[in-house]
Amino acid sequence: MKAFYGILIIFILISMLDLSQQVFINAKCRGSPECLPKCKEAIGKAAGKCMNGKCKCYP
């Protein structure tokens, strides 16, 4: 049972870290297709989407 609690605590601590590789760029958008060329220009890869009016790119 102690091992379970230890693993649970480790899992909680690891989940609190921000491990995402997403990059918000300061480009306004109304749809995800508008972000693709902007992400290609900013990070070199055309992978992104529009969230809350801003482009979010994924390397």
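For all residues, glycine too, the Cβ spot is worked out from N, Cα and C.
Pulled from Swiss-Prot, these are the features on record:
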- 1-22: signal peptide (SIGNAL)
- Cys29-Cys50: disulfide bond (DISULFID)
- Cys35-Cys55: disulfide bond (DISULFID)
- Cys39-Cys57: disulfide bond (DISULFID)
- 48-55: region 'Interaction with Ca(2+)-activated K(+) channels' (REGION)
- Lys49: site 'Basic residue of the functional dyad' (SITE)
- Tyr58: site 'Aromatic residue of the functional dyad' (SITE)
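According to DSSP, Tyr58 (site 'Aromatic residue of the functional dyad') is assigned to coil rather than to any helix or strand. Checking Cα-Cα distances from Cys29 (disulfide bond) against the recorded positions (Cys35, Lys49, Cys55, Cys57, Tyr58) with a 10 Å cut-off leaves Cys35, Lys49, Cys55, in sequence order.
For the pair Cys35 (disulfide bond) and Lys49 (site 'Basic residue of the functional dyad'), the Cα-Cα distance reads 6 Å. In the three-state DSSP assignment, the secondary structure recorded for Lys49 (site 'Basic residue of the functional dyad') is strand. DSSP assigns Cys29 (disulfide bond) to coil in the three-state reduction, outside any helix or strand. The subset of recorded positions (Cys39, Lys49, Cys50) lying with their Cα within 10 Å of the Cα of Tyr58 (site 'Aromatic residue of the functional dyad') consists of Cys39, Lys49, given in sequence order.
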